[in-house]
């Protein structure tokens, strides 16, 4: 070994070139500088989050234990009275029941209808592009607009579009929105009608990513269309199903605009939802304490649903990975 090579040797355990010295303060290292820069960029976002989300959330929790009506400087502490009223007030319980029913039925029925619709839209037929656009744009209008349109169509009065047709055919008018059960069914039907096209488009995007070779190989092996759907199409749609059901459940739990546009929560409280109850109690009736208690419970319920959905997503993803 030459003298030059010996001079280039580095003793074992010595720090490599460019590495920070052991005596270098931690705040002068490169990692700290990178972390400080990242924190600096995130700081405005953190401030906005605290101002718009965290602070109102803490304030809502505080009001839920008081009799605050929106005008008191120092509301009285009432303990759990507002929470007790949530679970004893019949109108609030009806709203809770309809919200859960709405979320469950719209999620299940929309999923069952959207998947075969996506499969049909993925096949080759004349006018396929027009059909895809049609089903997608059914869900583009806002739900409050759809609610008002369908209120006119299903109006229980003789001036309602559908009842006018029935009467012209010699049939009796139907109380679509004045009967509790029919009103619930009508609201759920319109929600599914508005959502199925959009979610079918979502599934269609996943279907178009499935390699065609899988279907060709399955056909060579003698698999029929149903077998190909069960063993090829459905497993490939699992990520899309997870996303779709998550959106449907969360949107179903926080629904407000569609029932309000169609029925204003009626007849009675038949189509009242938790979100509408929060607005009515907190703003219209100036019972901010009760409205805050509803909002806190609603937030907890949504968090449980989201965490459960994430857990289920992890299980399904590992199962079909």
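A Cβ is built for glycine as well, from the same backbone N, Cα and C atoms used for every other residue.
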Feature transmembrane segment in TrEMBL, mapped to one of the ranges 41-65, 66-90: 41-65
The annotated transmembrane segment range in TrEMBL, which must be one of 269-292, 293-316: 293-316
Top Cβ-contact partner of the transmembrane segment (186-207) among 41-65, 92-121, 133-153, 293-316 (pairs under 8 Å): 92-121
Top Cβ-contact partner of the transmembrane segment (228-249) among 41-65, 133-153, 293-316 (pairs under 8 Å): 293-316
